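If you check TrEMBL, you get these features:
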| type | residues | note |
| --- | --- | --- |
| ACT_SITE | THR190 | active site, nucleophile |
| BINDING | ARG218, VAL219, GLY220, ASP221, THR241, GLY242, HIS243, GLY244 | substrate binding site |
Amino acid sequence: MWQEAEKLFVVNKAASSSHENKLMKTVIVVHGGAWDVPDAAAEATVAGVKNAAQVGDTVLRSGGSAIDAVERAVRCLEDDPTFDAGHGSVLNAAGEVELDSLIMDGKNLAAGAVASVRNIANPVSLARAVMEKTDHVMLTDRGAGMFADSISTPLAHDLVTELELEEWEHSNSYRDGVKRFFNTNRGHDTVGAVALDSFGNVACATSTGGIRNKMVGRVGDSPIIGSGGYADNGSGAVSCTGHGESILKVTLARLILFHMEQGKCALEATNMSLQHMFDRVKGCGGAVVLSSTGEWAASFTTPRMAWATVTEDTLHHGFNQREHFTEKL
Ligand code: ASP
């Protein structure tokens, strides 16, 4: 399920005089979480990723940066209550929302992340602020909250949906949840995006409410640089989703890029890495991947993962295994 990205366009003059009239290629690929998405959520999930890919694509088409594109795309998904990120996040064992996110710029390896943050509608933007406004890469819980306060991030008290409250009340344990989410029926959707801009820079972003019934303070892969995502202009960008404890053990994002650095194409590198994660720790998941030349892949070992990308005037998307639809825009 990979393609050479075909989008060629003249860089917006206003965007950069030094790149005037240069033909450059841009790509954005987004995902809405790898798990066994129930049929009832299918339509909203697919619509959400298609919308986010187009929002990110608009940023890139107007000469915007890859880091802006992934942040904007992930913010869309955080604002959509269909997804387990920002609004719509799952609840931990104490019935609270704790959010994790990362963002990374492949140009200079600048990275920012937040873990276990509460009452923040767009953790990806807080992660970006950590990257741009602090000397650190990651802030957690209380410190992240204090930092959010110091830069006047608005607090959100409406992140929990009625549906999640119902699901949480009927859920049993984290372990049962992991089995159900990733190997059979119900679940949640972490979100993520990777992009290549017209200046040749790649970026990634990932955001999640985690896995229902997680222990208070549990941090999964999503805010961990190298596990939940990684971006390096030298190889490409990855955003991961799936069973966080498994992804952490194999450092999935870096593993995929390692295989690409060894000469594998994006799809082969992703499939090999997901297979390795299954063989070594029985973990399932998925990833969206982009090479620095614009070759992309969306692959998963769970039953479903909604993904979408825009190339030229065509929207590509998929949801079930081996599915690839195209729509003219
Ligand atoms: N990876 C996320 C976590 O373990 C969950 C997911 O991707 O659905 O927190």
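Cβ from N, Cα, C; glycine included.
Here the features listed in TrEMBL are painted onto the structure.
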{"residue": "THR190", "record": "active site, nucleophile", "contacts (Cβ under 8 Å, 6+ apart)": "GLY33, ALA34, PHE83, ASP84, ALA85, THR206, SER207, THR208, GLY209, GLY210, SER222, THR241"}
{"residue": "ARG218", "record": "substrate binding site", "contacts (Cβ under 8 Å, 6+ apart)": "ASN92, GLU98, GLY210"}
{"residue": "VAL219", "record": "substrate binding site", "contacts (Cβ under 8 Å, 6+ apart)": "ASP100, ALA115, SER116, THR140, GLY244"}
{"residue": "GLY220", "record": "substrate binding site", "contacts (Cβ under 8 Å, 6+ apart)": "ASP100, THR208, GLY210, ILE211, LYS214, GLY228, GLY244, GLU245, ILE247, LEU248"}
{"residue": "ASP221", "record": "substrate binding site", "contacts (Cβ under 8 Å, 6+ apart)": "SER227, GLY228, CYS240, GLY242, GLY244, GLU245, ILE247, LEU248, LEU252"}
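According to its DSSP assignment, HIS243 (substrate binding site) is coil.
Annotation note: ASP221 (substrate binding site) sits in a coil segment as assigned by DSSP. For GLY242 (substrate binding site), the number of other Cβ atoms no farther than 10 Å from its own Cβ, over all displayed protein chains, is 29.
Whole-number maximum of the Cα to Cα distances across the substrate-binding residues ARG218, VAL219, GLY220, ASP221, THR241, GLY242, HIS243, GLY244: 16 angstrom.
If you draw a 10 Å sphere around the CB of THR241 (substrate binding site), it holds 33 other CB atoms from the protein chains shown.
When the binding-site residues HIS243, GLY244 are compared by the number of other CB atoms within 10 angstroms of each CB, HIS243 has the fewest.
Close contacts with ligand 1, defined as a Cβ under 6 Å from any of its atoms, occur at THR190, GLY244 among the recorded positions THR190, ARG218, VAL219, GLY244.
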